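Asker: Sharing a structure below in structure tokens format, with a few things to ask.
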Amino acid sequence: MQDGNFLLSALQPEAGVCSLALPSDLQLDRRGAEGPEAERLRAARVQEQVRARLLQLGQQPRHNGPAEPDGAAEAARGASRAQYHTLQAGFSSRSQGLGGETSTFRPIAKPTYSPASWSSRSAVDLSSSRRLSSVHNGGGAFGAAGYRGAPPTAPVPARPVSFHERGGAGSRADYDTLSLRSLRLGAGGPDDRYSVVSEQLEPAATSSYRAFAYERRASSSSSRAGGLDWPEATEGPPSRTIRAPAMRTLQRFQSSHRSRGVAAGGPGGVLEPVTRAPSVRSLSLGDSGHLPDMRGLDSYGGHRTLQRLSSGFDDIDLPSAVKYLMASDPNLQVLGAAYIQHKCYSDAAAKKQARSLQAVPRLVKLFNHANQEVQRHATGAMRNLVYDNADNKLALVEENGIFELLRALREQDDELRKNVTGILWNLSSSDHLKDRLARDTLEQLTDLVLSPLSGAGGPPLIQQNASEAEIFYNATGFLRNLSSASQATRQKMRECHGLVDALVTYINHALDVGKCEDKSVENAVCVLRNLSYRLYDEMPPSALQRLEGRGRQDMGVPPGEAVGCFTPQSRRLRELPLTADALTFAEVSKDPKGLEWLWSPQIVGLYNRLLQRCELNRHTTEAAAGALQNITAGDRRWAGVLSRLALEQERILNPLLDRVRTADHHQLRSLTGLIRNLSRNARNKDEMSTKLVSHLIEKLPGSVGEKSPPADVLINIIAVLNNLVVASPVAARDLLYFDGLRKLVFIKKKRDSPDSEKSSRAASSLLANLWQYNKLHRDFRAKGYRKEDFLGP
């Protein structure tokens, strides 16, 4: 037999040891045959041995050796000689090989993973410091060619080709589920003391946390045509590859069809080449729910139906898929839901058609199906159906979908819980549904997801596997959207038992273990920021009365009047505010619970730690600064108490200045708003002026060509300078010394837009206050400024 009839493979074996054995006469059902028939059977056994041997060789790395036959050499010409490290758990668990009892293909390796660390459909954990990259392997063929010189199979990509990608190789990756983006809220109210409610990512801004593409790199020494990408173990941060559940379902049907086809072919038949792509998503063979028995499809049309379904989604349309949802066979229900999920991934017309075909109520009925695989695909399909489609969201709610989702959330299946929390997150982007979602879901979501996965009342460290982390991320994204709704919704969230405690506990634990860049931390801080919005106006009156404490008016000390023999400027009188703060601290609980966290002195330290330690996620630091801005805003006494606490005990000014130097416009809005509140309540404005003035002046524009921050940032900066100038000669002197006058005069005279009109009025007020320092008039004139520059229009 000529070796040229076979193409060797560069695919690695998944099992470290492979044993070979000839098929017995009993297996061939011809034991005891003699003469020419015996010779034919012996030849068949030899052929079977060669074929099995080639399977083994095809799964081992190729080494340099003797010259290959012409056919193999021609097929392997240009192949890369890269070395590949063995990844025992890096490939699909459905590897095909000859069994010892029958001629059908059976798995030869079953990687096992701890159920406590990964869901049955999550990515394989390579290690904490290793990730998969891809190396292009030139023209090497994949898998052994068919017996009797069948032509080589087409190259298989590094993952199964998506239904959306069949039109071209340059299409985008088909991810596990849609990457969820939250809603950006409009501008806040006219009251600029408060931080506007935390804004979410726009639909155009993708989140790198949810979706990871399988990167492909072509070797510069080989042609792209016919090339393959193989995973190679390299050092680096952990990464994930994700395939849509619909495509995984399709792969199961195809694999089962191949196995049954080979069994029907018999020993002398043509063996179908096994073409599968390397995969880092393992499907456990031990769970019968993952590998449905395709024999159940026989009652729906026999082998032709099986062949049509297992060939992929080409022969299925949306009406047929919706009909499959009503079938009694769970396999058909899975296939129908998988097709709907796949078709509605990014097709708005398909979502509309599915709603007209009554797919929504039929999927809702499957949320709590007895078969867990049906539940997963039904919720996965609904997750895509409601994404960016207000009509489908409303249809889901009208079909009692929220109740069914919360029932499904009680199941202890991570894949199902990921889908349910993802659906809730998608629903929460609709302003019309936020109040209803808050009323119906908050308590159960807190009890089932937030409290258990945040570490509240549990172990001292966060212990989440990858699936649980995604579930918690979805839940906090859902809360982030709800918290930007109405006052009633914010109040309901504040009063929900365990909700605020879970968020604070999670952030504290994340800081302790160095996970402050985590996207769930970002969501949690944004929720706290939104719940702090107009806090003193919306908090219970009894709590507000307790926070007001015993001020000077309660002590019977009118402003400016001496206490006993002390003059108005005496040290004793200056210490009264500090004493009052101490009395109020004694009245605040040292162990805050629930909404008490929102105004607790301890929360100031939490936000300060985030500002100091979070270096990469600017949304988290912006939210922390915004939350501090909210609780230090206004004329309430407690706002002043927390401002002085932040300045004097937490020493927050230096971290804020570090952020101001490098912040973008979004961060500057919150940072300067917070500094504005602190400057109004600071005791020592001279010290604050020395640290602040020069850095703030750098942010002001001085000419037409200079880059200018947004108008609200300009107004905040000028307001800070004004707060300092009216109380500190040091601030007035530094404004003159650091060329602040030139910039203020420029801002005052620039009135070419409504925003510049506002900043012009703020600059005019500051210049008028500067002119009150008579001792500086000579210096003003020396710099070329006149009285009209300060007091003129």
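Cβ from N, Cα, C; glycine included.
Keep in mind that what you see is a predicted model, and the values were worked out from it rather than measured.
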Asker: Which one of these stretches, 30-33, 42-45, 146-149, 282-285, shows up in Swiss-Prot as region 'Required for interaction with SFN'?
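Answerer: Region 'Required for interaction with SFN', as annotated by Swiss-Prot, spans 282-285.
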Asker: With the ranges 56-82, 110-136, 245-271 to choose from, which does Swiss-Prot describe as region 'Disordered'?
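Answerer: Checking Swiss-Prot against the ranges 56-82, 110-136, 245-271, the region 'Disordered' one is 56-82.
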Asker: Within the region 'Required for binding to PKP2 mRNA' (513-793) only, compute the mean pLDDT.
Answerer: 87
Asker: CB neighbours of Ser328 (phosphoserine) within 10 A?
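Answerer: That number is 9.
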Asker: Of the residues in the repeat 'ARM 2' (348-387), how many are helix, strand and coil by DSSP?
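Answerer: Per DSSP, the residues of the repeat 'ARM 2' (348-387) fall into 31 helix, 0 strand, 9 coil.
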